[in-house]
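S.K.: Found this in Swiss-Prot, in case it helps:
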ACT_SITE  Asp329  active site, 4-aspartylphosphate intermediate
BINDING   Asp588, Asp592  Mg(2+) binding site
MOD_RES   Ser2  N-acetylserine
MOD_RES   Thr881  phosphothreonine
MOD_RES   Ser899  phosphoserine
MOD_RES   Ser931  phosphoserine
MOD_RES   Thr948  phosphothreonine
TOPO_DOM  2-61  topological domain 'Cytoplasmic'
TOPO_DOM  82-93  topological domain 'Extracellular'
TOPO_DOM  115-243  topological domain 'Cytoplasmic'
TOPO_DOM  265-273  topological domain 'Extracellular'
TOPO_DOM  292-643  topological domain 'Cytoplasmic'
TOPO_DOM  666-670  topological domain 'Extracellular'
TOPO_DOM  694-709  topological domain 'Cytoplasmic'
TOPO_DOM  731-751  topological domain 'Extracellular'
TOPO_DOM  773-784  topological domain 'Cytoplasmic'
TOPO_DOM  806-813  topological domain 'Extracellular'
TOPO_DOM  835-949  topological domain 'Cytoplasmic'
TRANSMEM  62-81  transmembrane segment
TRANSMEM  94-114  transmembrane segment
TRANSMEM  244-264  transmembrane segment
TRANSMEM  274-291  transmembrane segment
TRANSMEM  644-665  transmembrane segment
TRANSMEM  671-693  transmembrane segment
TRANSMEM  710-730  transmembrane segment
TRANSMEM  752-772  transmembrane segment
TRANSMEM  785-805  transmembrane segment
TRANSMEM  814-834  transmembrane segment
Amino acid sequence: MSGLEDIKNETVDLEKIPIEEVFQQLKCTREGLTTQEGEDRIVIFGPNKLEEKKESKILKFLGFMWNPLSWVMEAAALMAIALANGDNRPPDWQDFVGIICLLVINSTISFIEENNAGNAAAALMAGLAPKTKVLRDGKWSEQEAAILVPGDIVSIKLGDIIPADARLLEGDPLKVDQSALTGESLPVTKHPGQEVFSGSTCKQGEIEAVVIATGVHTFFGKAAHLVDSTNQVGHFQKVLTSIGNFCICSIAIGIAIEIVVMYPIQHRKYRDGIDNLLVLLIGGIPIAMPTVLSVTMAIGSHRLSQQGAITKRMTAIEEMAGMDVLCSDKTGTLTLNKLSVDKNLVEVFCKGVEKDQVLLFAAMASRVENQDAIDAAMVGMLADPKEARAGIREVHFLPFNPVDKRTALTYIDSDGNWHRVSKGAPEQILDLANARPDLRKKVLSCIDKYAERGLRSLAVARQVVPEKTKESPGGPWEFVGLLPLFDPPRHDSAETIRRALNLGVNVKMITGDQLAIGKETGRRLGMGTNMYPSAALLGTDKDSNIASIPVEELIEKADGFAGVFPEHKYEIVKKLQERKHIVGMTGDGVNDAPALKKADIGIAVADATDAARGASDIVLTEPGLSVIISAVLTSRAIFQRMKNYTIYAVSITIRIVFGFMLIALIWEFDFSAFMVLIIAILNDGTIMTISKDRVKPSPTPDSWKLKEIFATGIVLGGYQAIMSVIFFWAAHKTDFFSDKFGVRSIRDNNDELMGAVYLQVSIISQALIFVTRSRSWSFVERPGALLMIAFVIAQLVATLIAVYADWTFAKVKGIGWGWAGVIWIYSIVTYFPQDILKFAIRYILSGKAWASLFDNRTAFTTKKDYGIGEREAQWAQAQRTLHGLQPKEDVNIFPEKGSYRELSEIAEQAKRRAEIARLRELHTLKGHVESVAKLKGLDIDTAGHHYTV
C-alpha cells in the first residue's frame, strides 16, 4: 500500500504518464477493483466528497440571538439592569430575567426546528446524491459517487456530472462542459488517454475511464478548498429585514416622542420614564418572527417532499407560490413517455425492404441495455428482443446526442461484410442520406400526415462500410423508412391543466416535436392550440405573418412552442421574465441546465440527469404535472401562513407602541414592563402554532406585497391602540362600566387598572391572528386545532392572572371575575369591526376604489365630454361580444400589469382558448355522429339526448 500512499501525497503525476503506467501505479486492471479493495482504499483516500465544515452547535444556538430584532431585546435587557435605577429602587431584575428567558425560549425553538429540518433535508438530499456506474467485482452497477476510489473503472455518458478526476480509456472522444471549473463557455473535446475533471458535465459521447483522484484531492476539491463559500442574501431575507426595520423604526419613533414629552415637558421621574420606554421595546419587537417564519418554511418543505417535490433551496417555496407561468416539457410530464409503434402505418421508401425489416433496422440502431424510451420501444416491437443483435457482431455504437439527433450501429454480418444502420430525427436522416427533392417531399408529406394524428416520426437509414473500419465514413446512406411513434397523454394531465388555469397558472407546452403534433396534443389535453414553432419566434427566419407583433407578446399569449431547442427554452424564460412573470420551467437533460438556472423556479423532473438536478431548485421524485400543481397549492398555503403572521406582527408592534405611548403621555399612567413581557411570552407561545395552521391558499399567484402588509398592520394596529385608549379612558375617567354592568369602580386604583388593561390588551392582541389568517370573515374560516387550543390556554392563563394576581413588583392587582367578564364582552364587541377594516384596506389597495370614485363618476372625471365616447365604445364592444360578432378572447388584450390579479388574466385567456378548443372538438364529434347516423339510418333525435354540448 506504500505506492498508494505516494498517490495520496501526490508524489506521482498520474495526469501525464501513459495510461498503462497509470494502471501499474494504481495497482489495478481494466476489470476494475473488487469490493474489498474498494473498502481498503477508502480508508487511505477517504470518501469521494468535499469536506463539510463542522458548525459548532453552541455558536449556532447563540447565532439565533444575533440579529437586529434580538439586539433590540438585548438592549432592553441591559436597560432593565443598567439604567433602571433611582428612586431608591433596585435594578429591574424581573424584567431582565424575563427578557433573557424570552430570548432563550425563541432560540431553543429555532435551534431544535432548524436542526430537525436540516436532518430531514440531509436525508432527502442523500437520495439525490450523485450516482455513477462503476465496475466492481467484474460487474457494472450504479453506486453513490462517494464510494469511488483511485483505480475504479467508471462509465461516463451524456448528461452525467463526472464524479472524480479520471483518465479516459478507449472509445470515441467526449465533449465535456468545464465551465463550472474553468469558465470556458464552449464544450471541450477530450480524447482517449486525456484527463477529465470532477464536476464537469458530459455533453456528448460515452466512454469508460479510470479514476485517478477523489474528494479533496481532485482539481475541483482543491479549488473549493481555497474559495470560501459566499452567503448570498436572498429575497426572503430582504423581506424579513424590511419588516424588522419597519417595526424597529416604529418603536424608535414612539421612544423619541416619549422621551421628548415625558422629560422636558411633563418632568416625569427618571425611573418611571425608563419603565415606559421598556414597555415599548419589549412589547413592540416581534422577537418570534425569524423563528415562526423559518419553522413554517421547514415544516412546509417536509410536506412538499412527502408529495414528491424535494426543495433544494428553501426560499423556492415563496417563488413557487408566486409562479404564474409554467413551461412544461411535453414528453414524460404531459405524456407518459411510453412509446408505441403502429406497424400498419410504417412507411417504406426502399425497394426490397419489408415493414418488419424497417422495424428490425430501428431496433438494431438501439441500445439493448441502459435504454431510453425510444430504444425500449424499438426493441420491444420485436418478437424477441435478442433479434436486435442476432447473427451480427457489434463493432461500434454511436449514442444519441442533442446535436446529431440520431443513433447509429456499425456491425459485421454473418458473411463478414460491414454495415451501418442509423435511426433519428427525419430531418437529420434526410440530410444524412442526401435525399433527392422528390423523396424529401414524399417523406415530409408523410410526416405531416402522422403529425395531424398526433404521431411523432422516426426515420431509419442504412449504409455499407467497404473500408471495414469503424472510423470510415462508409458508402452512400440509403433512406429506408419512417416509423410513427405514439406517446399517449397522461390520464390526469387534462384535469391538472384545468386546475392550474383555475389557480392562475398558465401552462405552456414545450416540445421538440413538430407544430402539428404539439397542436394535436394541446387539443387532446384541453389547453388550447395557440402554438408557434420556436424558430419562427426566436430564430433568424421569423414568420412574416407575426413579424409585426412583439415577440414578448406572442410568447405571453402562446399555449405552447414546438420544435424547441434547449437554447430556445432559455430565451422563452427570459422574455416571460421581461414581462414581469414568475416563471417555472421543467427540464431533464443536460442542455436544459441554463434554462432551469434562469427560471425563477427550475424544476428537475423525475429521472432527470445529474446536470439538470444540479441546476434546479426543486427535484421531483414522481412523474407528471399533478405533482407540480400540488406543490404550487402547498407552497401557497405555506406562503399564506407566513404572510398572515407578518401582518399580525406589524399590527402588534403598532398597537403596543402607539396604544401604550398614548396612555403614558395623556394620563401619565405607567404600565408595567413585566406585564408586557407576560403578553409577549403568551403571544409567542400561541403564534408558534401558525406553522401548522389550516389555511385557504390564495386562488391566484401570491407574493410579498409589503405595501399591503404595512398598510394593513398600521390600520389594524392603530384601531386596536385606539380601542385600548378608549377602554382605559372609560375605566379610569368615567363610571361607564360601573353604571352599565354593575361592576365596582376601579378608576382610582392604579394596580387594578393595570390588571384590567393587561387583560384587554392580551385578548384583543392575540385574537387579531384570527383576522389576519383569514381571507373572508374570520369567524367563517375555521382555524387549525393547535392554534385554537393554544389561544384558549393562553387567554385562560391571562384571565387567571388578571383575576387573581397580586404582584407588588409588577404593580398589578386582581380585578375579580366581574371585571374579567366585562373586558371579554368589550373585546368581543371591538373585535368584529377588524374584519370590515381588513376588507376596506384590500379594496382600497386594489385600486378599484379610486377607479370607481373618479373614472366612472362623471362629476369627478377630467375626460373629454365626461368620458361619454369611451363608455359608448365599451357598451358597443360588450354588445358585439354578446351577439357573437366578436370573439370573447379578443377583448382586453393584456393591459399594463400592475398586480397579480391582472397577471392572472393571461391564465384566464388561456382558459377561454382551452374551452374553445374543447367545444370545437365536441362540435366535430357531433357532426361525425350525425353523418354516421344518416348512413346507418338511425333516428338522430333519439340519440341526441345522450350527449350535451
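Cβ from N, Cα, C; glycine included.
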S.K.: Within 10 Å of each Cβ, count the other Cβ atoms, then let me know which of the recorded positions Asp329, Asp592 comes out lowest.
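M.R.: Output over recorded positions Asp329, Asp592: least Cβ neighbours within 10 Å is Asp329.
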S.K.: How many whole Å apart are the CA atoms of Asp592 (Mg(2+) binding site) and Asp329 (active site, 4-aspartylphosphate intermediate)?
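M.R.: Given the Cα positions, Asp592 (Mg(2+) binding site) is 11 Å from Asp329 (active site, 4-aspartylphosphate intermediate).
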S.K.: Counting only residues 6+ away from its ends, which parts of the chain sit with a Cβ under 8 Å from the transmembrane segment (274-291)?
M.R.: 64, 67, 69-70, 72-73, 75-76, 79-80, 83-84, 92, 95, 99, 102-103, 106, 109-110, 113, 240, 243-244, 247-248, 250-251, 254-255, 258-259, 262, 645-646, 649-650, 652-653, 656-657, 660-661, 664, 670-673, 676-677, 679-680, 683-684, 687-688
S.K.: Could you measure between Asp329 (active site, 4-aspartylphosphate intermediate) and Asp588 (Mg(2+) binding site) for me? Cα positions, answer in whole angstrom.
M.R.: 9
S.K.: Assess whether the transmembrane segment (814-834) lies in contact with the transmembrane segment (752-772), where contact requires at least three Cβ pairs under 8 Å among residues 6 or more apart in sequence.
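M.R.: Between the transmembrane segment (814-834) and the transmembrane segment (752-772), contact is present.
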S.K.: Around Asp588 (Mg(2+) binding site), which residues of its chain at least 6 apart sit with Cβ under 8 Å of its Cβ?
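M.R.: In sequence order, Asp329, Gly332, Ala604, Val605, Asp607, Ala608, Thr609, Ala612 meet the Cβ cut-off.
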S.K.: Looking only at the recorded stretches 62-81, 94-114, 671-693, which one has the largest tally of CB-CB distances under 8 Å to the transmembrane segment (785-805)?
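M.R.: Of the candidates 62-81, 94-114, 671-693, 671-693 scores highest.
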S.K.: Could you tell me how many residues in the topological domain 'Extracellular' (666-670) are helical, how many are strand and how many are coil under DSSP?
M.R.: 1 helix, 0 strand, 4 coil
S.K.: If we skip the immediate neighbours and take only residues 6+ beyond the ends of the topological domain 'Extracellular' (666-670), which ones have a Cβ under 8 Å from one of its Cβ atoms?
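M.R.: Residues packing against the topological domain 'Extracellular' (666-670) from afar: 266, 268, 272, 275-276, 725, 728-729, 732-733, 750, 753, 811.
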S.K.: Any residues 6+ beyond the ends of the topological domain 'Extracellular' (806-813) with a Cβ under 8 Å from its own?
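M.R.: Distal contacts: 94, 670, 672, 674-675, 749-752, 754-755, 758.
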S.K.: So, in DSSP terms, is Asp329 (active site, 4-aspartylphosphate intermediate) helix, strand, or coil?
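M.R.: Once the DSSP labels are grouped into three classes, Asp329 (active site, 4-aspartylphosphate intermediate) ends up as strand.
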S.K.: Take the topological domain 'Cytoplasmic' (773-784) and find every residue of the same chain, 6 or more past its ends, with a Cβ under 8 Å from one of its Cβ atoms.
M.R.: 641, 644, 648, 689-690, 692-696, 698, 834-835
S.K.: Which of the three DSSP-derived classes (helix, strand, coil) applies to Asp592 (Mg(2+) binding site)?
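M.R.: It is helical.
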